[in-house]
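Student: Below are the features I grabbed from TrEMBL:
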- 12-337: domain 'RNA 3'-terminal phosphate cyclase' (DOMAIN)
- 111, 293, 294, 295, 296, 297: ATP binding site (BINDING)
- 192-279: domain 'RNA 3'-terminal phosphate cyclase insert' (DOMAIN)
- 319: active site, tele-AMP-histidine intermediate (ACT_SITE)
Ligand SMILES: Nc1ncnc2c1ncn2[C@@H]1O[C@H](COP(=O)(O)OP(=O)(O)OP(=O)(O)O)[C@@H](O)[C@H]1O
């Protein structure tokens, strides 16, 4: 007899697209059929937006799932995975999910399929077109410098090539990702971050005057020395990047000996460097090894690992609590979040075979 349909309330906790994406990844990996209801019902435009619909289709195509409710605006999706994840060469375009295109985040589509493909029986390549540096999602540079290195520490072999940048509202950015299969995920302990080794600063813009890039980079340089960081720690990169439309942003990565944290701003004008440097400084002063975004994103690999994972996060967010609820709903791990110490521990139940 087949597995019983698992019902998941998409409005639980943070109630955003992450409930959907985490549930899709876990359904794909475990073969568990799911029905998601109340998807993003608390949002201004409820239901599936282009990025979420692309994630549903991407998850379905890597495991041959049968799906209903996969239309824009749908608040309910039934997803019945095929018998296994099929490694291969895939291409997904977020812009194709909506008439008129979309700058929906490629990073979030990638996170939906990355782990299923990493533990599939063979290597894969995934090309995704859409927004690469857009609000309310991990910028692709964050995926490159924070998320992928964290996964590598857990035994996942993946490389990312950012071929074109996609800014809001046009999108059209391109990433190409190589994922080695047969991955065996290890747990990790990130309770201390070690010494600060490098502050990587990226000032990037497309189709805008070069002075905008140098302005952002100079502002970050003087703010960081004002905060007391040695010049030798700061690695400034100015990038005039190729993109179908204009856009700009600043990204800072604080690389400690045991972990990296990332901060970004897509703001206009002089405040961009101020915003991102202040965010980095707040994190630095917290003493934590894991930033608030990685805090929720690490739960998924951690619940698939062969050992316990423990980490201390700078902030306990609703995203973190909600993702923990999704993981526990699948019965894959016991997640404990200690409010006082900000320690998260994930004990996998080893059910992903
Ligand atoms: N600046 C950032 N750097 C890294 N990660 C980020 C950043 N901003 C958001 N994220 C991550 O992006 C994910 C967003 O999840 P969320 O459910 O809010 O997405 P969504 O699909 O856009 O949903 P909704 O539109 O319903 O809010 C979370 O994992 C969050 O930590």
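Using the three backbone atoms N, Cα and C, a Cβ is placed for every residue, glycine included.
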Student: Filtering 111, 294, 295 (binding-site residues) by proximity to ligand 1: which pass a Cβ cutoff of under 6 Å to any of its atoms?
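Tutor: Going through 111, 294, 295 in sequence order, none turns out to be close to ligand 1.
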Student: Just to confirm: which same-chain residues, 6+ apart in sequence, have a Cβ under 8 Å from the Cβ of residue 111 (ATP binding site)?
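Tutor: In sequence order, the residues whose Cβ lies under 8 Å from that of residue 111 (ATP binding site) (at least 6 apart) are 21, 25, 138, 143, 147, 297, 300.
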Student: Which one of these recorded positions has the most other Cβ atoms within 10 Å of its own Cβ: 293, 319?
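Tutor: Max Cβ neighbours within 10 Å, all protein chains included: 293.
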Student: Same-chain residues six or more away whose CB lies under 8 A from the CB of residue 296 (ATP binding site)?
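Tutor: Sequence-distant Cβ neighbours: 18, 317, 319, 320, 322, 323.
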Student: Would you mind checking how many other C-beta atoms are within 10 angstroms of the C-beta on residue 294 (ATP binding site)?
Tutor: 24
Student: In Å, how large is the greatest distance between any two Cα atoms among 111, 293, 294, 295, 296, 297, the listed binders of ATP?
Tutor: 14
Student: Just to confirm: which same-chain residues, 6+ apart in sequence, have a Cβ under 8 Å from the Cβ of residue 295 (ATP binding site)?
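Tutor: Correct list: 311, 313, 314, 315, 316, 317, 319, 320, 344.
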Student: Cβ within 8 Å of the ATP site's Cβ centroid: which residues qualify beyond 111, 293, 294, 295, 296, 297?
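Tutor: Apart from the listed residues, the neighbours are 138, 147, 291, 292, 298, 299, 319, 320.
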Student: Under DSSP, is residue 293 (ATP binding site) helix, strand or coil?
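Tutor: Helix, per DSSP.
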